[in-house]
Amino acid sequence: MLDPNMLRNELDAVVEKLARRGYTFDVEMLRKLEERRKVLQVETETLQAERNSRSKAIGAAKARGEDIEPLRQEVNQLGEKLDSAKAELETLQTEILHIALSMPNIPDDSSPDGKDDSDNLEISRWGEPHQYGFEIKDHVSLGELSGGLDFAAAVKLTGSRFVVMKGQIARLHRAIAQFMLNLHTEQHGYLETYVPYLVNHDSLYGTGQLPKFGEDLFHTRPLEEESASNYALIPTAEVPVTNLVRDEILDESELPLKMTAHTPCFRSEAGSYGRDTRGLIRMHQFDKVELVQIVHPEKSMEALEELTGHAEKVLQLLNLPYRKMLLCTGDMGASARKTYDLEVWLPAQNTYREISSCSNMWDFQARRMQARFRAKDGKKPQLVHTLNGSGLAVGRTLVAVMENYQQADGRIEIPEVLRPYMNGLKYIG
């Protein structure tokens, strides 16, 4: 959520900055609501002061033996007016809050302007795509040859955009996740966490999935049912891991707080009908190793470079060619201030595809969560900055390994760094 003081005092600047994302809203309505809020705020404070004054006068009049009934009636009337003003003020504040919660984050000045992924800026490339002397197969065909990917069984069990993995492919999938976790915990300084796969609405508001993106989630009950037991399956471990600091005040010495988690992720893929219908690229359920950092506000841009580098290290150790993209304002997630995407080379598609998205959320999520830290000088607590990124999407990494390490006979070579997790196995198939 944006700083309410900015919406009150720098509204024109906010409008201009959000326009870079193609986001517009009813500015005049917000101005009118804010003007009315200010009037009601003064009115309630004045009525409260008058009521307190009259209440004290009742005690003084009673001590003097005077008739207090007129004063009592006046206090009651002031109370009714105060209750009415408070109710209207609360309604207005709720309306303003709803507008604020629907707004995206302000993009960083370094994020390029643009409408969609065609306007993203390529920053760098690593590795050279391998040249094959045979007809390339995609991961679906390779999975069928090995018997390791069974989409038909998943359709029978559940429906489309699910998969059943078997045998050495399932084992390779597990090995990839274990390799990522070990790398991030042993070399990059992250604390491994195990979190619930179901979260409540407070958590979803905290990281920005609600109120705007509820249709992208799988809910245990209809979304409109606001109750403590109305959960949603996590779309990413970012939600539960980041919310661990919700309503907390950390000591400055605890920063940066770096956490990682391997979880399944569940997404309805609303709006993706007809896209990537073949294979593992776009699933309703997929595994991901998530990276989360909670940092000092002065260190967040530096932390974004570090976190992105941690995700890149996975690709480098797997020797998978990739490119690093700086997302334009029109392609960033709503909560992000600045985002890098890592796109891995997929030979069968002859293109780079997203495998990681690393974002600096600035204080956008922290304000929603009231996640703060107290500086060493003991002054008023400040909002932390939050960052997150995929380190990496396990299913898409499996796709990249299968396709980039395929052999002419359909076998799949196991990358050297993964062999310890596969009992030294060198090939699948």
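Glycine too: its Cβ is placed from the backbone N, Cα and C atoms.
Curation plays no part in TrEMBL annotations; they are all automatic predictions.
What TrEMBL records for 30-95 is coiled coil.
Long-range contacts of the region 'Disordered' (103-124) within its own chain (CB-CB distance under 8 A, at least 6 residues past either end) are made by residues 1-2, 14, 17-18, 20-23, 25, 301, 323-332, 334-341, 360-362, 364. Residues or ranges marked as region 'Disordered' in TrEMBL: 103-124.
The domain 'Aminoacyl-transfer RNA synthetases class-II family profile' annotation in TrEMBL covers 171-415.
Under the heading L-serine binding site, TrEMBL lists Thr236, Ala237, Glu238, Arg267, Glu290, Asn388, Ser390. Within the same chain, the residues at least 6 positions away from Ser390 (L-serine binding site) whose Cβ sits under 8 Å from its Cβ are Lys288, Val289, Glu290, Leu291, Ala311, Ile355, Ser356, Ser357, Cys358, listed in sequence order.
The feature ATP binding site is assigned by TrEMBL to Arg267, Ser268, Glu269, Glu354, Ile355, Ser356, Ser357. For Ser356 (ATP binding site), other Cβ atoms within 10 Å of its Cβ number 28.
Cα of Asn388 (L-serine binding site) to Cα of Glu354 (ATP binding site): a span of 15 Å. Here the binding-site residues are Thr236, Ser268, Ser357, Asn388; the one with the fewest Cβ atoms within 10 Å of its Cβ is Ser268. In this view, Glu290 (L-serine binding site) is surrounded by 29 other Cβ atoms within 10 Å of its Cβ, with every protein chain counted. Its own atom aside, the Cβ of Glu238 (L-serine binding site) has 28 Cβ atoms within 10 angstroms in the protein chains shown.
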